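Now, the feature entries from TrEMBL:
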type     : residues    : note
ACT_SITE : Cys35       : active site, nucleophile
ACT_SITE : Cys38       : active site, nucleophile
DISULFID : Cys35-Cys38 : disulfide bond
DOMAIN   : 1-111       : domain 'Thioredoxin'
SITE     : Asp29       : site 'Deprotonates C-terminal active site Cys'
SITE     : Gly36       : site 'Contributes to redox potential value'
SITE     : Pro37       : site 'Contributes to redox potential value'
Amino acid sequence: MSQLITAVSDQDFAQQVRTASNSQPVLVDFWAEWCGPCRMVAPVLEQLAAEQGGRLKIVKLNVDDNPQTAAAYGVRSIPTLILFKDGAPAASHVGAAPKARLAAFVTPHLAVSA
């Protein structure tokens, strides 16, 4: 992981994602070590995290190590990105995508800076 993106687990998912999403949107990257498309998305998410600053929190959940949370949110393919807002899923995206497409996916859910 990086300083901009942190790992979450089944144990801390409620606090790190659901509770945190009450104050800012949280994008969860459901991934696995062996997943090629997941590795393709990782640097794109790093770029988004750097560009969005404090407007978006990005976390990663390894589905092999944390199957309960992945199952609870119906994750069947990876990478799956689920954006949480106000404690609940607000949008999801399945599969690798270029930066422009992922930015277009998250931007409508971000607070507008004054």
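Please read every residue number as a count from 1 along the shown chain.
Heads up, the Cβ atoms here are built off N, Cα and C, so glycines get one too.
Within 10 Å of its Cβ, the residue among the recorded sites Gly36, Pro37 with the fewest other Cβ atoms is Gly36. On a Cα basis, Asp29 (site 'Deprotonates C-terminal active site Cys') lies 12 Å away from Cys35 (active site, nucleophile). Taking Cβ-Cβ distances under 8 Å and a sequence gap of 6 or more within the same chain, the neighbours of Asp29 (site 'Deprotonates C-terminal active site Cys') are Ile5, Cys38, Val41, Ala42, Leu45, Ile58, Val59, Lys60, Leu61, Pro79, Thr80, Leu81. Neighbours of Cys38 (active site, nucleophile), defined as other CB atoms within 10 A of its CB across all chains, total 21.
Each residue of the domain 'Thioredoxin' (1-111) gets a DSSP state, and the totals for helix, strand and coil are 47 helix, 28 strand, 36 coil.
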